[in-house]
Amino acid sequence: MRILGKNMLTLLILSIVFILLPVLLQFNNYYLFLATTITFLAVIVSSWNLIGGFAGQLDLAAGAYIGLGAYTTGTLLIRFNVTPWLGMIAGGLAASTIAFLIGYPTFRFGLREVWYALSSAALVPILRTLFLLWEDVGGPAERYLPYYSWSFYHLRFSTYTVYFYILSAFFILILFINIFIKRLKIGYYLLAIRENEEAAEMLGIDTRRYKLYALILYSYIVGMIGGLYACITGYIHPSHFDFWLSIQVAVLGIVGGLGSVAGPPLITFVLGGVAEYLRSTLGAYIEGLHLIFYGIILMLIILFEPKGVSALIEKIAYRYGRRYRRF
Amino acid sequence: MDNSIILSLKDVVKRFGGLTALNKVSFYVKYREILGIIGPNGAGKTTLFNVITGFCKPDSGKILFKNMDITGLPPHKINHLGIARTFQIVKPFLSLTVEDAIRVGAYRSSNDRRIVDEIVDEILYITGLADMRYRLCSECNLVQTKLVELGRALATKPSLLLIDEVASGLNPVEIEKVIELIKKINRDMNITVCVIEHVMKFIMNVSDRIIVLHHGEKISEGTPTEVSKDPKVIEAYLGEVR
Amino acid sequence: MASVSIRNRTERTSISKTLKSYFLVSNMLNLLIQSVINGLLMGCVYALAAMGLALIYGVMNIINFAHGEFIMLSMYLVFVLNQLFNIDPAFSPLLTIPIFFIFGMIVYYGLINRVITGPPLSQIAVTVGLLILLRNTMLAVFKAEPKGVPFTIFAGTLQLNGYVITMSRLLSAIISIFSLIILHLFLTKTYLGTTLRAVADDMETASLMGVNVKKMYALAFGLGSSLIGLAGSLIMTFQQVNPLTGILYGLLAWCIVAMAGLGGVSGVLLSGLILGVSESIGLTFWDPRAREIILYLIFILILWFKPTGLFARR
């Protein structure tokens, strides 16, 4: 495809790496768990890039969409024996619907960004309380998905390998979407909205509509991943509505570089690894240490290079004589 | 229904709290003319543009564009109908390259990437920004930024272009360049132009007709010579003469 | 004979039914009035808690996501002061107000000052970072259990017509209203106050007229923060604090600011009262744990239908 050019090659190499990774890790379950967790995060972060990086809206609802996807998929499986493959599609739908209900009023032209950020942020704890009180579908106890040691229909396995492959496929897909969108009209429009919404509006861009496009796409994918998450963990519970996930995703998206395709996932693999290490070692002594770490990193980056690590790299490359190149 | 008039305002009123920014303003713009709008600071000029382009709703009155009532429509719809504008305080797309910024405007005219690229090439040529095309908008100096803003607006292929105080901060050479550009836009591209300006030399040079606003009211209207001799105008500007 | 006694019995049952339903309705009514009273009292305190945000957001257009966490910080401070020095929360404002004023200045000059010229996303992001830092530091230091103050001079209840009013809530509400009145007078009658409002209205014109905008911003931030300090002290007289308290008060404050728009002190107070009453009624008749849900629903409804704020000046 002419549009993708040399990015196609990168994606191909990446795909091969992902396919080979479990082999390289000798199918060690702990390492696979790490790889799965980080890839899981990377998929969400790269999706977040659509609404946060391209459209420039600070979305803090990732945790909400995961939870919604998890509950939809899980409930459909538990009650109606619907395969998660279909359940994920429904999960995405559930997430997008809620996203739309929040986005539609807050994306009105002229309404300040803060209201969307707040509404999306509040969505997570609200939904958690809601599902906690909703005894019929949720409730305080975990609801377990039917256990199978190896079932494709129920998407349950005893190792992380298959989950890792599914997530890698999603990852490659979302990277593809990122690259694709950036070359299309919608990409330009979203960036324009991010850079200066009033100017964009005056250039004939219906800012609300395009922001909603980005939001729906992002929330749908995250909703689907939420369904997968339910299968991986094996149960559904209000704790799946995790505010810290939302924060992590936004931090990684911002630090990685708003609108950059490679930056956020790259930073996810690096920082995500560090944070996970902190959590499993020191986290036992100091609760929430890895989150404090995130908080500090976020503030530092914003103060010194608000455009994120990718911009830092771009600047360095530019300084060494190369023509300006998007990273 | 006058077919020689592209834009007309009828008794437009706009209030902000206790302040009346526009007080029953009425005027018209003829096809393919260059209309200048002048007036002391705070006269309501930018508010006028904001009301025309949908950035704020008038409290009463009507705005007709090509005999269509556009009062209260959102800005993007108004742009689709054929009005484009630049802003008094520039609104650049800092992280985008110059050509990408113009491309954003061009996508309004066509969905086809090839046509869009052609439009971008054309605009870059007209505005003289061709050698800046791969640079970031954040690297542009003041006059270049203003040219990009003009270029972006032009890329949407408007029938009416509203230009808000483009000359402020520019040196005489740059001002000449912009005057030439505006005349070219008007003559060769058949675009009607409305210009708000403070720099007298600029506006006298460029306009076919001028209207004068003061405290939100139109106090004078006519050719540049007529207006410059109008005692009401001189009185309003007393102490404000450049 | 028999028919007479049957008729009496049916009369008696219908009378007792009427009595029962009257009792039920009057019970409901009592409940309603009680929750309205509670709501009004809480509303005053909520208004105070939100006033700091309204000031900062109104004057500086600064989006402080960590506002709720500031309130929580203030509450923890009161707890610490009580634990270490046995200071009654009723008297703690003497300390929390100046401490928070300074704290506000530090945050302003250290953090906010740098991002105020940047895009809103940066402001939000920086304060989100602050939020994460504060909440998790509190979690690490104080752990997850709620912390309260054992005794306060504000203890006790008042009985009025059969309705129960806790003294601490009543006194807190009174102090809140009093402070809001003082603030209102400050903003409207003093030179400094009107300068602040001028900066809020139109920063550029104000600076053209010689106002040192940066100093005004710092003042607004400091002032807003001291209001937070006061609010925290008052809340601690009748509630406990835990690391999740920040979300609640943050949501509350933003809700009130959304409702109040640019309506000034009176707008904030009125919004606070409305919110307090709505929350209270919702808590009584639905579920006490559904506090945040009710608030959020109100918030979303406002955004859907009246985003310019119920009491917006423009």
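Heads up, the Cβ atoms here are built off N, Cα and C, so glycines get one too.
Features as listed in TrEMBL:
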TRANSMEM  A:7-25  transmembrane segment
TRANSMEM  A:31-51  transmembrane segment
TRANSMEM  A:58-78  transmembrane segment
TRANSMEM  A:84-102  transmembrane segment
TRANSMEM  A:114-134  transmembrane segment
TRANSMEM  A:162-181  transmembrane segment
TRANSMEM  A:212-237  transmembrane segment
TRANSMEM  A:243-272  transmembrane segment
TRANSMEM  A:284-304  transmembrane segment
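Remote same-chain partners of the transmembrane segment (A:7-25), defined as residues 6 or more beyond its termini with a Cβ less than 8 Å from a stretch Cβ, comprise 1, 31-32, 35, 161, 164-165, 168, 171-172, 175-176, 179. Take the transmembrane segment (A:114-134) and the stretches A:31-51, A:58-78, A:84-102: counting Cβ pairs under 8 Å, A:58-78 has the most. Cβ atoms under 8 Å from those of the transmembrane segment (A:243-272) belong to residues 37-38, 41-42, 44-46, 48-49, 52-54, 56, 58-64, 66, 120-121, 124-125, 171, 175, 178-179, 182, 191, 194, 291, 294, 297-298, 301-302, 307-311, 313, 326-327 of the same chain, restricted to positions at least 6 beyond its ends. Counted as Cβ pairs under 8 Å, contacts with the transmembrane segment (A:212-237) are highest for A:58-78 among A:31-51, A:58-78, A:84-102, A:162-181. With a cut-off of 8 Å between Cβ atoms, the residues of this chain six or more beyond the transmembrane segment (A:84-102) that come close are 61, 64-65, 68-74, 76-77, 116, 119-120, 123, 154-155, 212, 215-216, 218-228, 230-231.
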